[in-house]
Amino acid sequence: MEAWNHVQQRDGYTNCHSPRGDVQSKLYPTGTRNGRRHFTRKLSNCRSHHSLLVPQLPELFGFIAETDSQIVIVFRGTTTTSDWISDAIARQTPFPYAKDGGLVHQGFLDIYQSARKPLLAAMSKLSAGKQLYLTGHSLGGSLATLCAADLAANTKFTSPSVYTFGSPRVGNPSFAKLFNLRTGPHYRVFNRNDMVPSLPPLVYKSPRTGDLYHYIHVKKAVELVNPTGSLAGNHAVSNYYHEVAKLDPKYAKLLSARTPGFCPK
């Protein structure tokens, strides 16, 4: 309920297609290489002042939105998990954007790094006087987590708030400690019946090298219980939305009405 109340206080985003909240940048994937997704940013037509030009692609991966007082970075998730837990990317690598940053999932970091340069360029043009929020579902939650730790350590946005839904584990205890110390309020919403937040396992052993990697979640857990009878259903973003919406149906209805097509059905 605390997390939901925090969302309600940020009502500027219930009108995010008005002058109070415009999409500043759109994030598009640019394909895959060696099993790693790469994506970049495409400019929108909404009062954008950024200058990067990239080819238009059909699949939207995320976006940056802005109101008069707030900025939101949104990362979209994926529908599969097989590439997350393969040995090639589930091994850990140092988080390179902060001293004593610990170790993080190599696959997630590769994806984030493919968007980091244009994302930082976009953020450098936005006011640090605005509160920054990051959010994402599934894989998008892991990218939001990495991005928040990076921005907190290397930009003028020193205390971003983070909301993730059904996010897998991202790194080891040292990374979790860094994240917990550097970022602002964070709500890691998960469905008890969703298997994705339990991935990678707490201790992951590489079948190729025998190396052991330790994973731990970042704070602050918000548990939901909403079984659907299927693995995909338990992880679906619509399942998360409808369960959270039960906390305040009136506000959820208002949110849906003000942003047609934005809320999951």
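Note: Cβ is positioned from N, Cα and C throughout, glycine not excepted.
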TrEMBL record, region 'Disordered', of the ranges 1-31, 156-186 the matching one is 1-31
In DSSP terms, the domain 'Fungal lipase-type' (72-202) comprises 52 helix, 29 strand, 50 coil
